[in-house]
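Visitor: As annotated in Swiss-Prot:
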- 1-39: topological domain 'Extracellular' (TOPO_DOM)
- 40-67: transmembrane segment (TRANSMEM)
- 68-77: topological domain 'Cytoplasmic' (TOPO_DOM)
- 78-98: transmembrane segment (TRANSMEM)
- 99-111: topological domain 'Extracellular' (TOPO_DOM)
- C110-C187: disulfide bond (DISULFID)
- 112-133: transmembrane segment (TRANSMEM)
- 134-150: topological domain 'Cytoplasmic' (TOPO_DOM)
- 151-175: transmembrane segment (TRANSMEM)
- 176-206: topological domain 'Extracellular' (TOPO_DOM)
- N183: N-linked glycosylation site (CARBOHYD)
- N194: N-linked glycosylation site (CARBOHYD)
- 207-226: transmembrane segment (TRANSMEM)
- 227-242: topological domain 'Cytoplasmic' (TOPO_DOM)
- 243-267: transmembrane segment (TRANSMEM)
- 268-284: topological domain 'Extracellular' (TOPO_DOM)
- 285-308: transmembrane segment (TRANSMEM)
- 309-360: topological domain 'Cytoplasmic' (TOPO_DOM)
Amino acid sequence: MNPTDIADTTLDESIYNNYYLYENIPKPCTKEGIKAFGELFLPPLYSLVFLFGLLGNSVVVVVLFKYKRLKSMTDVYLLNLAISDLLFVLSLPFWGYYAADQWVFGLGLCKIISWMYLVGFYSGIFFIMLMSIDRYLAIVHAVFSLRARTLTYGVITSLATWSVAVLASLPGLLFSTCYTERNHTYCKTKYSRNSTRWKVLSSLEINILGLVIPLGTMLFCYSMIIRTLQHCKNEKKSKAVRMVFAVVALFLGFWAPYNVVLFLETLVELEVLQDCTFERHLDYAIQATETLAFVHCCLNPVIYFFLGEKFRKYLVQLFKTCRGPFMLCQYCRLLQMYSPDTPSSSYTQSTGDHDLHDAL
């Protein structure tokens, strides 16, 4: 074998090795279809959530200020829950436009809207948890609640709740950034390559503060409420128990899927799960479960406000004074037909059932 043959053999081996080495390099996971899906479905869904959430929670705020005038801890929590949901839904037009096109609002608004979204997210869930504790005190510890469930304590705990929500949302403010990739501008939470710890902590924070602690609190409070109501011989007891189950089931049904998907996304970020097909399905699941969770802020006014007899009465009074569209006035008359003239209740003050009835 001469030097030319050796050179040819070496060249052939090099081409062979390069070919198979290239074949073994993992190909990038393409997700163009996911973006197209988001562009088509997310903007109209976000728009619907924005409209219904804005309308429902605005009515709650107006009724509370016009008729209730914040006389109790429950009123304070209802007001703050409505403000939390309003803060949350006001960020949706920006995310809707972003899903349809790209981020065009600059770095400043990217940080502000991301932070506002998270503050609304955390504070809304925290106030739902406080509503559960408020009902627990009113029904299970009725005597003690006369001292604890005051307007002053309601304001103090609300301020503390907003402080915790703001602090929990700081990572969104600090790490949200704008960047351009393939002529497309993004607004995302972006960590440095060596900050895996922050990714894990942020996901765990959402799972723990957004689901585990609130759900655990609600399960404890409502199980004790049901236990107390079982000893009450009352014709409206079954309705109250059904409403308790509805509150827990709706919270679990709307928020648990989103938290599970976020946990799986964390495993992908940590490279525990590595499969392109799974990642694509996970991205679809994130879009679907996130939108499902958004809908819960539209249901909060119905769950915690409109289903109470007193609040329905106030709502009828509000629409009686309206000079708006004909359909709203027709809806007003329909509400009046199904609402009692007086907020009758057979719950006694000693058991606190009247508070549950009004809140639900």
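Heads up, residue numbers simply count up from 1 along the chain you see.
Here the Cβ of each residue, glycine as well, is placed from N, Cα and C on the backbone.
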Visitor: When a 10 Å sphere is centred on the Cβ of C187 (disulfide bond), how many other Cβ atoms does it contain?
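Guide: I count 23 other Cβ atoms within 10 Å of it.
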Visitor: On the DSSP side of things, how many residues of the topological domain 'Extracellular' (176-206) fall into helix, strand and coil, could you say?
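Guide: Residue counts in helix, strand and coil order: 11 helix, 12 strand, 8 coil.
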Visitor: Let's see if you can do this one: DSSP helix, strand and coil counts over the topological domain 'Cytoplasmic' (68-77), in that order.
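Guide: Going through the topological domain 'Cytoplasmic' (68-77) residue by residue, I get 6 helix, 0 strand, 4 coil.
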Visitor: Could you pull out which residues elsewhere in the chain have a CB under 8 Å from any CB of the transmembrane segment (285-308), counting only those six or more residues past its ends?
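Guide: Counting only partners 6 or more residues beyond its ends, the transmembrane segment (285-308) has Cβ contacts under 8 Å with 34, 37-38, 41-42, 45-46, 49, 52-53, 56-57, 59-60, 63, 78, 81-82, 85, 88-89, 92, 120, 124, 128, 131, 243, 246-247, 250-251, 254-255, 257-258, 260-262, 264-265, 315, 357-360.
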Visitor: May I ask for the distance between N183 (N-linked glycosylation site) and C110 (disulfide bond), taken between their Cα atoms and rounded to an integer number of Å?
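Guide: Per the Cα atoms, N183 (N-linked glycosylation site) and C110 (disulfide bond) stand 18 Å apart.
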Visitor: Sort out the residues at least 6 away from either end of the transmembrane segment (78-98), same chain, that have Cβ-Cβ distances under 8 Å to it, and list them.
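Guide: Hits for the transmembrane segment (78-98): 42-43, 46-47, 49-50, 53-54, 57-58, 60-61, 64, 70, 104-105, 109, 113, 116-117, 119-121, 123-124, 127-128, 131, 158, 161-162, 165, 187, 294, 297, 300-301, 304-305, 359.
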Visitor: Could you name the stretch, out of 40-67, 112-133, 151-175, with the greatest number of CB pairs under 8 A to the transmembrane segment (207-226)?
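Guide: Between the stretches 40-67, 112-133, 151-175, 112-133 has the largest tally.
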Visitor: Across all chains shown, how many C-beta atoms besides its own are within 10 angstroms of the C-beta of N183 (N-linked glycosylation site)?
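Guide: Within a 10 Å radius of the Cβ of N183 (N-linked glycosylation site) lie 6 other Cβ atoms.
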Visitor: Which residues of the same chain, at least 6 past either end of the topological domain 'Extracellular' (176-206), have a Cβ under 8 Å from a Cβ in it?
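Guide: Contacts of the topological domain 'Extracellular' (176-206) (Cβ under 8 Å, skipping residues fewer than 6 from its ends): 98, 102-107, 110-111, 113-115, 168, 259, 262-263, 265-266, 269-270.
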Visitor: So what's the mean pLDDT when you look at the topological domain 'Cytoplasmic' (134-150)?
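Guide: Mean pLDDT for the topological domain 'Cytoplasmic' (134-150): 87.
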